Amino acid sequence: MLARTDSTNAEALKLAPGLSGSAWVLAREQFAGRGRRGREWVMPAGNFAGTLVLRPQGGALAAAQLSFVAALALYDALGLACGPAARLAIKWPNDVLLNGGKVAGILLESSGSGPGVQAVAVGIGVNLAGAPDAGAVEPGATPPVSVQGETGHAVDPEEFLDLLAPAFARWQAQLDTYGFAPIRNAWLARAARLGEPIIARTGTAESHGIFEGIDDSGALILRGPAGRQVIPAAEVFFGG
């Protein structure tokens, strides 16, 4: 447990060359955390900022599939932390929702590229004690919530890691043993807005349609007016 760091992902990738297996990096305070597309990840005191650094089996695709492993592990850990009354769902590509609001996010970063991916940092942020101000998020984005705010449960970051780490290990073993198919099926069973209208935005386009699922690579499948689209990377917004 680090008292303070700029980014647990950056810290984890510094450790990677000396690792033979995997390791978790956890920080009480993270002052330069990042989300997707370089966005700042705001971390109020008492929240979870952690990274698992590991060497993936395979290249870039296998590394990317760890995002789905992380989402399933978060779903399980949050289920234990929040209790049976909590409504949890996974939002493509990298968020976990609690009672309809964003409670956790995932960011993968790697060293090396293509078939030469040397290490992957699976960064995970969870709003345990508090959520960022809703006014700080992009218009139309899912509003942030916290575990304590939604359930009244006070969960320490180290206690949460005790729930998350074994859950990640279980799902990673599924991926390593059986491939992506069971991970994909489990993810779809927990997916938010499956079969419902969504909006997928890339840097240059916006697509409206029905969220039909994900393909064997984890890409979004959208059924719109022009037919079926497979979208490898985008931001998803609900409604419309």
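For all residues, glycine too, the Cβ spot is worked out from N, Cα and C.
Database features (Swiss-Prot):
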- Ser7, Thr8, Asn9, Gln30, Arg34, Gly35, Arg36, Lys102: biotin binding site (BINDING)
- 1-176: domain 'BPL/LPL catalytic' (DOMAIN)
Which of the three DSSP states, helix, strand or coil, fits Ser7 (biotin binding site)?
coil
Lowest 10 Å Cβ neighbour count of the binding-site residues Ser7, Thr8, Asn9 is held by Ser7
